[in-house]
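Peer 1: If you scroll down you'll find the structure; I have some questions about it.
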Amino acid sequence: MDHPIFTTSVLVAGLLLSVVALWRGWRPSLRAALGVGIALRLILLISAAADSWQPIDYFYGFHAAGQAILARQDPILATHGSWHFLPMIPYLYGLGLRAGLPWEIAGRLVTVAADIALIPLVGKLAGGRNAAAARFAYACSPIALMVAVIHGQIEPVALVFLVAACVMARSGRGGWAGALFGFALSAGTWPVILFPALLLLMPNWRERFHSVAAGAAVPVFFLVTMPLVVHSSWSNLLDVARYLGGVRPVVGEWGWTAWMTGGNWALAPTAAGIGQVVLYLTLLGMMWLWRRADPVDMISAVLLAFMVVTPRMGAQYLLWFVPFLVARPTFFSRPAMWLSALWAGLGYIYLTHFDDTGWWQNHQWWSRSSIIVIPVLILAMPWSRRFPAGTDEPAVVRPEPLTATGAVSARVRPRPGE
């Protein structure tokens, strides 16, 4: 990275703004939150686009997918699975490239636009008096800034549709919620683990049925219409399906596998396979533990548990839980997000100072240091909200205004007759 001090200053400025707003009890308007969020993202976009360092996956894999669309080629087969998702995002990449924008900007515009759209959506998800504080906190989030702008990763695109789906589900519009969830799945496969929580947000089985139907229709649409958009064939769809959601058993970036490999990347099919089984069992356990909680709290718990036990990980994954923890914070949610941002920032800013040899040497201690973050992620789970206070079944939890310590009190509306 060419300008690490400048980049760090922008990220710290955003963090300090959010801390001061929390401490002073400010509730900035939507216009103010959008203004600050857009300004921070545009400043970093200009800097990142002009930087001589570009993330490898962004510069090669994502770029190749966009170029494949320009050439009317299948972005999955043309990149030999380097792009292993549906072609929705490459279509957007292709629009930017066709407009003549340099890739350093064209690719990031997609993720930056999605991340900006998340600002009001996080406020909607928080609801009530917490909406203003939540959307401003997300606007200033260092993790969001690094993942969406510096890395240009696709996580914000999946998240904008996922959060919108949750908002729609809360309002009882199952069809719209399902369709939006389908777009989230078309941007990345990981949201599928949250579909049970989305269904719990809906008021009845009729809306859940509509949601399932609409959610399945969108990815299928992108898959079966590929031969109409790019030079592909119907017979190729089976080959495409094999790549979709494919995961190479590369470990050693985070958590327990980083200590297993000494902080180096390694192809470890056995460890990755066992880790995946443990991961799925853990996620099922978290859904059971939070089955009576607010579904948004279940989503936070599931995503935080994913970070704790996953055998493979990228720094961009740390954005997954941010919108949900910002919308419904816990006492340790802010320390967890700040420590996660520090760890990710060391990877994005400090490690990129070095040549290949220096990068690998420093990667060893950096990846293993992730073990420090994991206990705080566990503490950040909404443990106290697994069951509504004094009841045996879910009640409506109304978050109170955020306090200077970061704690959130809650008032529970009793069931009729209590």
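Placement of Cβ uses the backbone N, Cα and C atoms for every residue, glycine included.
Take a look at what TrEMBL says about it:
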- 6-23: transmembrane segment (TRANSMEM)
- 30-50: transmembrane segment (TRANSMEM)
- 105-122: transmembrane segment (TRANSMEM)
- 143-170: transmembrane segment (TRANSMEM)
- 176-200: transmembrane segment (TRANSMEM)
- 212-234: transmembrane segment (TRANSMEM)
- 266-290: transmembrane segment (TRANSMEM)
- 302-323: transmembrane segment (TRANSMEM)
- 335-353: transmembrane segment (TRANSMEM)
- 365-384: transmembrane segment (TRANSMEM)
Peer 1: Other than its close neighbours in sequence, what residues sit by the transmembrane segment (176-200), given a CB gap under 8 Å and a spacing of at least six beyond its ends?
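Peer 2: Same-chain contacts beyond the ends: 85-86, 88-89, 154-155, 157-159, 161-162, 164-166, 168-169, 207-208, 210-219, 222, 244-245, 283, 287, 295-296, 298-299, 302-303, 306, 320.
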Peer 1: In the same chain, who gets a Cβ under 8 Å from the transmembrane segment (302-323) while lying at least 6 residues past its ends?
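Peer 2: Contacts of the transmembrane segment (302-323) (Cβ under 8 Å, skipping residues fewer than 6 from its ends): 118, 121-122, 125, 138, 141, 143-144, 146-148, 151, 153, 155-156, 159, 163, 190, 193-194, 197, 247, 249-251, 253-257, 271-272, 274-276, 278-279, 282-283, 285-287, 290, 336-337, 340-341, 343-344, 347-348, 370, 374, 377-378, 380-381.
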Peer 1: If contact means at least 3 Cβ pairs within less than 8 Å, sequence distance 6 or more, would you call the transmembrane segment (143-170) and the transmembrane segment (212-234) in contact?
Peer 2: no
Peer 1: Using a Cβ distance cut-off of under 8 Å, indicate which of 30-50, 212-234, 365-384 has the most pairs with the transmembrane segment (335-353).
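Peer 2: That would be 365-384.
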Peer 1: Quickly jot the same-chain residues contacting the transmembrane segment (365-384) by Cβ under 8 Å, restricted to those at least six beyond its ends, or write none.
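Peer 2: Contacts with the transmembrane segment (365-384): 252-256, 258-259, 262-263, 290, 293, 297, 300-301, 304-305, 307-308, 313, 325, 328, 330-333, 335-337, 339-340, 343, 346-347, 350-351.
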Peer 1: For the transmembrane segment (266-290), what are the same-chain contacts with Cβ under 8 Å, counting residues 6+ beyond its ends?
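Peer 2: Distant contacts of the transmembrane segment (266-290): 193, 196-197, 247-252, 257, 260, 297-298, 301-302, 305-306, 308-312, 382, 386.
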